[in-house]
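These notes are about the structure you will find just below.
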Amino acid sequence: MNREDVPHAEMAMVCLNDFEQYARLHLPKATWDYYAAGADDGCTRDDNLQAYRRYAALPTVSHSAPSAALPWSEILGSLTDQIRLRPRMLRDVSVCDTRTTVLGTEISFPVGIAPTAFHCLAWHEGELATARATESLNTCYITSTSSTCSVEEICAAAPHGYRWFQLYVYRHRGISEQLVRRVEVLGYKALVFTVDVPYTGKRRDDIRNRFKLPAHLKVKNFEGTFQDTTGPEEYGVPANTMDPSLSWKDVHWLQSVTRLPIIIKGILTKEDAELAVEHGVQGLIVSNHGGRQLDGGPATIDCLSQIVDTVKGRIEVYMDGGVRTGTDVLKALALGAKCVFIGRPAVWGLAYKGEQGVREVLQILHQEFHLAMALSGTCSHTMPTPGCGVSAARVFQF
């Protein structure tokens, strides 16, 4: 959608919710519904947001056989306490350092762009605008397999940007391997292996709207790949392209075809976090796919501390889902995340003003995060003040 010449309503963009409101008003209904959708009733999608205002213990799930009866104590958590920051005073916060590193590379602050599909639905330049915005702010952009611009076009648009590539492993492994080869040559710095989509979650509005990409848009990374395929499509690729037989052995397969660091996206339990470490990956993203897959699962922030405690620093832990403010970022870092990633807010920024809109979204989060650090009494989120820590009640002091 090309709206460069369309005057924007006079609206102060003060926080990320303002960009959401703008996108809701200006995007076509089917496009808004696609981006906003959660699976089924949308409970997990909504809980990702609400969880920052309270704390729920992580539900633990046994590795028992599917037919085994699980006690309720292993399935349901309880609402035990709240996420609250505990500010300290007279700490000299005249200079606050928001920088961090991910996989050894320094970025300006611990917020990156999560892999989200079809950016050209929101703005005509799509992923090219997103790439330029993240490059200008020196942070990480995880490019989606399901992009409406190719990996080559994205690299050409922002040649100095820091990028990871999100990968699905398909039934036909050759398709995934070919993508890996392309991004290796282009200088992508890591592979983000999405593991929570053996099947696509049920998104009711997409079904009602009979959602499909408009004729002028394609999943550009697959241009020419499926041209001989007939039958129904699902989100731009032939239905049943995903492989529901994926298992941990496929991590070894992926390691056999690349030397890039591998980050697993979609981990929600301490058991799977331990398995990720045992299988030699370099990081994991605590993620429930924005609440678009399994409805009724936990919010990501609720899972974070147990996963961090399980990993014990052996690999890096990141998180996405529900981050809307600088204090949300600070809470996630206090619970042990190395960096957080935002999905829908980046698309709202695109809908507002393309590259400039994404840049404004990131700048607002950066400013809010800097302010939250200062008002909490810490000048470096990576080096908390001695004698400070996180209390058992999840009230954070630095």
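First residue shown is number 1, and so on along the chain.
Just so it is clear, glycine is given a Cβ too, placed from its N, Cα and C backbone atoms.
As recorded in TrEMBL:
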- 8-394: domain 'FMN hydroxy acid dehydrogenase' (DOMAIN)
- Tyr34, Tyr168, Arg203, His289, Arg292: glyoxylate binding site (BINDING)
- 115-117, Ser144, Gln166, Thr194, Lys265, Ser287, 320-324, 343-344: FMN binding site (BINDING)
- His289: active site, proton acceptor (ACT_SITE)
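Its own atom aside, the Cβ of Ala117 (FMN binding site) has 21 Cβ atoms within 10 angstroms in the protein chains shown. Residues within less than 8 Å, Cβ to Cβ, of Arg203 (glyoxylate binding site) and separated from it by at least 6 positions along the same chain comprise Tyr34, Ala37, Gly38, Ala39, Arg292. Residues Tyr34, Tyr168, Arg203, His289, Arg292 are the ones the record ties to glyoxylate, and the longest Cα gap between any two of them is 20 Å. Spacing of Gly322 (FMN binding site) relative to Tyr168 (glyoxylate binding site) is 23 Å (Cα to Cα, whole number).
The average pLDDT for the domain 'FMN hydroxy acid dehydrogenase' (8-394) in the predicted structure is 90.
Around the Cβ of Gly322 (FMN binding site), 25 further Cβ atoms fall within 10 Å across all displayed protein chains. The CA atom of Gln166 (FMN binding site) is located 12 Å away from the CA atom of His289 (glyoxylate binding site). In sequence order, Ile142, Thr143, Ser144, Thr145, Gln166, Val192, Thr194, Lys265, Gly343 constitute the residues six or more apart from Pro115 (FMN binding site) in its chain with CB-CB distances below 8 Å.
Each residue contributes its Cα atom, and for Ala117 (FMN binding site) and His289 (glyoxylate binding site) these two points are 12 Å apart. Summary for the binding-site residues Tyr34, Tyr168: the Cβ-based neighbour count within 10 Å is maximal at Tyr34.
Within 10 Å of the C-beta of Arg324 (FMN binding site) we count 19 further C-beta atoms, all protein chains included. Tyr168 (glyoxylate binding site) and Arg324 (FMN binding site) have their C-alpha atoms 27 Å apart, to the nearest angstrom.
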